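TrEMBL has this to say about the protein:
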type    : residues                               : note
DOMAIN  : 8-60                                   : domain 'Myosin N-terminal SH3-like'
DOMAIN  : 69-734                                 : domain 'Myosin motor'
BINDING : 163, 164, 165, 166, 167, 168, 169, 170 : ATP binding site
REGION  : 614-636                                : region 'Actin-binding'
COILED  : 869-906                                : coiled coil
COILED  : 944-1040                               : coiled coil
COILED  : 1090-1135                              : coiled coil
COILED  : 1173-1204                              : coiled coil
DOMAIN  : 1287-1562                              : domain 'Dilute'
């Protein structure tokens, strides 16, 4: 891309400005290479010319497109430079009120100087488990990333929080530790998180102070290692501190304060426990009144003191130790008021100091004004000057305070130390940022040295990440050059550096700051470019740090480095009577014994100690994965949401943000995945350019659009772009969309113009139509008048003409009348003459006609005879055809039917006679048996049964005879038909012969016609037709005979085979006799007969084989019947033998029972195999009659038995009685032995698998079984059993829920069964409120002895507990799906595409793994199906889904409020589409009335808020009226986060947001931003009676509950 392409007209650039640092402008002319000036126009309309340096030819930096402004990540900007970073931070901080922004791997945090509602527990829960790029930038996102990497990579992590004083470092570190304490759970001690957080108030009280830039500035650096075990739970912590600002104890500048603990102690001096300290107001002490600002606005020191004491107690520091600490701090305050006058300190405060410290006052007073000098031979005590005495006092105060601070840090570490093994840790480094003041001394030098080391580590880490990314994507790259600050570090710590010279000067007896400064000038001034000397001072030096050059004053360097204190004063303190004070100086005694060596002296130097601790810190950081937080102070006035560009740029340079940008810009700062690039720039492609391979499509597009291939690189998964290329692509995309918009506008305008034209044309046509209609009507009227005039003229002329015509006509008629009369008379005379001639002709013609008639009649008679002969032949033919028809046969067979009926009647009489004979034969044994029975008063049932069976066999024989008779009758009918046809055939043959004879007889009445005459030809035709007909008749007769043979063989195959053969032969003989053998031979009749005979033989052979098979089958059936009869006989004998052993009445009962069983089986068989309904009904009637007979006989036998045995019947032990068992009637109870409660609960609760029970058995089966056991315990009136069983059940259910509480099916199953058991206790309690829903049988099952209302409440509480656990379980299953399906997945694809996201990419899933709203609905459907299978009450299901939909709404809305990239118009459309799916699902499941739809209202209104117009005050009124379910904070947050996805959208102005705030200021609502996702609606457990009858419940064998029995 050439510069002329980028710096074209209307391109926007940044120009340097003294007040705003950078100012935006727009080019008014195109830039051409070689131009020395740029014509630009500022935003206020001023036109200026920007000069271009001809030597460097550096053009002003370009401004990013508006769509990229306000991004979450600065690396997403196409142009990466200082003005772009500053402007993006300013837009986010001032316009969007967002204090956090990513810059690659760095989180930039700007101090808002205002309390924001973005640190609550619900915010922590929202960020927990999320990827860093998925949510808006936040300190919680950095903490979650560190926690996740620690758990995933098993590597220690560090969070480095840096920034200058007042930037918010301490608060950021505090919130990071709060996040760890919230998301983690302690494994050993319950309060370890609280103790970790409790260290913050203590360290702030003793290490923080008010400065001119910050009210709570940390005056020391600390590195807190939070330890975790293998389960990633906090087990402890450890703290390391760096460079406490001890000088603040004795000196404070204006508008500053000492450490907070001094003011807290003074504010609490009125408390009884502090009376002995003799404290007062903070203004009364020298160490607390130098800054003249003892009070901080909005801070209550007394309340903070209570928090500090509470934190001490929480950390295990006893009350005595606390009072000792407060006592020593109070002593320091009194020491500050000790004044030295003439080498003698004032006694009032000194006495109090000595009393509090427990030391002799005289010795302390002496050594405050004297010092001991030691030589090799002797020791001298020398008085000191007043200034030295005051300095000694201050040194003593600083030393004591430092000792107290160190002891407290050690005590805090001991309190946070855990005995458990630490697996990993996360370190939080809260250290001072780069500082530069008007007067910079030793402390600023140490601070800036530490920042140099941290910046070097930061640069190396950023560079390493960049190179790793390039290697991972396998792209070609070159080494990136970055600003290495190693020379500056060497200037400080190398040999003969600043530190080395300082240590050397401290060893000199008469070393001073001046001599040390001269050594610095002589050694470093010309040898190191990073060292410089001020022009106007010989007691200062300048160091060029990475951020800025800083001038340091040499005064006090040596003294602060030595950190000396009078040893005699320390010795006096070591003699203290306060035991706790002696603990502070134990380390001093060890140090004193080894202080004579040079190494120990170097260790005692303060800078050496600081360097060693700093090196240890750097080793720790290098061994961990660092995460960076850079805190920025927006202004020096502490004004909320106001940014000073000058101060912001200084800090951006100082904290390394711009260096990060520079490193990123040197490589490929913009990185897009292929899918993101394709989605964004699809509009730049044509359809033919899109291939199946997405990578190749992107490559082709880039090669087509960007000719310079060095501006981009293709990686394995991403495309890397140089700085500015994305802006160029955005410009192309914007131009393409703008062209498309112009085309759309053109088309729409054309359509509007055409519509207007058509409307005008239609109007013109309408006008023309009305005008032409008027003209036509006028013309028609003219025509009508003209036509009327013509008609009048016509009628008048017609009348005149008609009158004239009538006159002429009357005259003509008169003339014609006379003329026609004359002509008529003349014609009459002529006719009379002619008639006479006609009569003569008539008689002559009549005679001729009669003669001709006679001749004609003779011929006609002859012809009639011939015709009638032909008709007779035709009639004969028709009669023959009729003779062969069925109707004819029926008429002929009328007589035969009468004969057949007579034969059938005779056969019936013969059969009935035969049956009567058989019955008579059988009746004699039956009569004998019955007579014998009557004499013996007993019944021989087997004989009776045999007789009945014989009767049935006779009936079967009768039916078979009837069947044979019917078959015989049918055969006779067929034979009669055949005979009739044969006789008819004979008659036809006779007629034919007679006709032949008549034709050949010479003595006939008429002579045969001559050959060739008409009658002769007619006779020949009749003869030929008769011959043809005769041949056809012969064939038909033969076929009919063969067919009749086949039909006759079927019904007579078992009886009449020989008769059939004889009849066939007889028929053949008759046929041969009735015809001439020669004539038969000639016509082929003999051959046909022979063929018929062969066919008959074949049929007979087949029928003989069938008869043989039928005979075999009949024999087999008879054999089976014989075997069956034998088996019945044996069974009857066995039964008879058994019955003989029984007494008489039992024998009769057993016999009758056996007979009834047999008859029942026979009845069933007869019902199954009976042929018709009538037969079945007749059989039933017969069986009923037999049953009545047997019952009557049985009653007679019982009566006789009672008369015979009048004594009462008693059952002897040896007497076997067969008792008929009735069907059991169960009582709905389960009997179990006492002590089986544990087994019962184990089978039904502990070991039960819900899935098998829910699918196979009735819902709530365990609850029913337990309640049936309770009914048994109630029935036996055993209260111990009832309580034991119910308590064991409750304990078992609680145990299962506790053990398997994360299993949805288990929790749902036991919620359903717990509710069912509770409902059973109510339903069968006997209360009228519940029994009204029961049936009469259920009311009989109510508990009789115990009132279990208390257990009803217990089970209700247990159900509520399980309900809450079920909600938690369902929330855990839905949580990963909600955001992905409701917000992230884009079901509605459009041309909007995705915006650049920078280094912190959002976590994206492949299309195969995409979580859509359908996946969410499937999970909800699975929940509903499972709960329905478990039999959960419908009311509870509705309450559960109302809760779930509230969770979906809350989680979705909370993430929407925390994700700037989701607040767009297209996302609002997507949300409304997804919500519609949820509502449709509720309707399908019939849950629309459960209230779940109403819980989605906040989400619906938020989606509408994203889509509604947001410009005018009327729009604001509509928004306020519409968004009733959203709070003011949520509405303002959504409007603030609203981000255009395309350039044609507009951001919401701050004026509009202010209007919304003013309209909503009177609302009474919660001020919290987030919806409470943990909120649970109140639960109601309505009574739901069961329709299941307890007596019908059976225990499945799969439960293995053989120890319980149904009663």
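Yeah, the Cβs are placed from backbone N, Cα and C, and that goes for glycine too.
Shown in sequence order, 111, 213, 214, 217, 218, 433, 631, 633 are the same-chain residues outside 163, 164, 165, 166, 167, 168, 169, 170 whose Cβ sits within 8 Å of the Cβ centre of the ATP site. Only residues 6 or more beyond the boundaries of the region 'Actin-binding' (614-636), in the same chain, are considered here, and those with a CB under 8 A from a CB of the stretch are 89, 93, 103, 105-113, 139, 142, 145-146, 149, 153, 155-169, 172, 176, 213-214, 223, 240, 242, 427, 429, 433, 449-450, 453-454, 457-458, 461, 642-644, 647-648, 651-652, 655-657.
According to DSSP, the domain 'Myosin N-terminal SH3-like' (8-60) comprises 0 helix, 24 strand, 29 coil. Here the region 'Actin-binding' (614-636) has, by DSSP, the following mix of helix, strand and coil residues: 9 helix, 8 strand, 6 coil. Packing around residue 169 (ATP binding site) is summarised by its Cβ count: 27 other Cβ atoms lie within 10 angstroms of its Cβ, all protein chains included. The Cβ of residue 166 (ATP binding site) has 22 neighbouring Cβ atoms from other residues within 10 Å, across all protein chains displayed. For the binding-site residues 163, 168, the greatest number of Cβ atoms within 10 Å around a candidate Cβ is found at 163.
Here the binding-site residues are 167, 170, and the one ringed by the most other CB atoms within 10 angstroms is 167. With a cut-off of 8 Å between CB atoms and residues at least 6 apart in sequence, the same chain places 213, 432, 433, 434, 435, 631, 633, 651, 654 near residue 164 (ATP binding site), listed in sequence order.
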